[in-house]
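Participant: I have a structure I would like to understand better, so I am pasting it below and will then ask my questions one at a time.
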Ligand SMILES: O=c1[nH]c(=O)c2ncn([C@@H]3O[C@H](COP(=O)(O)OP(=O)(O)OP(=O)(O)O)[C@@H](O)[C@H]3O)c2[nH]1
Ligand SMILES: [Mg+2]
């Protein structure tokens, strides 16, 4: 049984969620924080899948480990799917959650609740060094509030309200968020593939 895989991300919020989801797999998990010398991958794809595959493949080839990447974002109906693949840098460079949330609220100022529907999307890519790349997807439906609620999570979590739970993502624990989130859904599907790869790999 191989011992190590790498998460191709620099986002600490994602690392916390992904580690929790992979807790039961008997595998050591490295992240890009363990490889500070690796350059940033430019996320210039038009889709979540393009970017996710690029991050996973680049990291697998650079490190020699099976790599898992997540590319994700928020699609707001009223904004015709924006910020979408540009969610991390919605308010410009450098990426900043607080400024992104302020911009989102400004874009939706005065828009009534029934027109504030949104969904999170996550595409997970698993890349085998010198081999195949696999992708899975997850989504989660919600509504954008007109002010933040809760202190957990990251990104737009305090504004993303899930009606069935009557809570924002930022009011849920990591376990609760993982049960219903876009990333949880995508990674549960990816885990089936990962287990098979790990059983057949020497890495
Ligand atoms: O409130 C949120 N709860 C979530 O669960 C969530 N998932 C994604 N996002 C947003 O979408 C961007 C992804 O962009 P992204 O996939 O390029 O990730 P990133 O640049 O942060 O890290 P990396 O994995 O690329 O290193 C993030 O920065 C966030 O703004 C989320 N916001
Ligand atoms: Mg990114």
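Here the Cβ of each residue, glycine as well, is placed from N, Cα and C on the backbone.
The active site, proton acceptor annotation in TrEMBL covers 71. Sequence annotations record features per position, and here TrEMBL assigns substrate binding site to 9, 10, 11, 12, 13, 14, 72, 154, 155, 156, 157, 177, 182, 183. Summarising the annotation, TrEMBL assigns Mg(2+) binding site to 42, 71.
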Participant: Between residue 182 (substrate binding site) and the residue listed as 'active site, proton acceptor', what C-alpha distance do you get in Å?
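Facilitator: Between the Cα atoms of residue 182 (substrate binding site) and the residue listed as 'active site, proton acceptor', the distance comes to 11 Å.
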Participant: Using CB atoms and a 10 A radius, I'd like the single residue among the binding-site residues 9, 11 with the highest neighbour count.
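Facilitator: Of the binding-site residues 9, 11, the highest Cβ count within 10 Å belongs to 9.
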Participant: Near ligand 1, which of the recorded positions 13, 42, 71, 155, 157 have CB less than 6 Å from any of its atoms?
Facilitator: 71, 155, 157
Participant: Within 10 Å of each Cβ, count the other Cβ atoms, then let me know which of the binding-site residues 13, 155 comes out lowest.
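Facilitator: If we count Cβ atoms within 10 Å for the binding-site residues 13, 155, the smallest count is at 13.
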Participant: Would you count the other C-beta atoms found within 10 angstroms of the C-beta of residue 157 (substrate binding site) for me?
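Facilitator: The answer is 23.
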Participant: May I ask for the distance between residue 155 (substrate binding site) and residue 71 (active site, proton acceptor), taken between their Cα atoms and rounded to an integer number of Å?
Facilitator: 13
Participant: How many Å separate the two farthest-apart Cα atoms among the substrate-binding residues 9, 10, 11, 12, 13, 14, 72, 154, 155, 156, 157, 177, 182, 183?
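Facilitator: Site span for substrate, by Cα atoms: 20 Å.
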Participant: Which residues does residue 71 (active site, proton acceptor) neighbour through Cβ under 8 Å, counting only same-chain ones at least six apart?
Facilitator: 43, 45, 48, 49, 50, 51, 52, 55, 85, 122, 123, 125
Participant: What's the number of neighbouring CB atoms sitting within 10 A of the CB on residue 72 (substrate binding site)?
Facilitator: 25
Participant: Out of 42, 182, which of these binding-site residues shows the lowest number of other CB atoms within 10 Å of its CB?
Facilitator: 42
Participant: Can you give me the Cα-Cα distance between residue 157 (substrate binding site) and residue 42 (Mg(2+) binding site) in Å, rounded to a whole number?
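Facilitator: Computed Cα spacing between residue 157 (substrate binding site) and residue 42 (Mg(2+) binding site) is 24 Å.
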Participant: If I take the alpha carbons of residue 42 (Mg(2+) binding site) and residue 72 (substrate binding site), what is the distance between them in whole Å?
Facilitator: 15
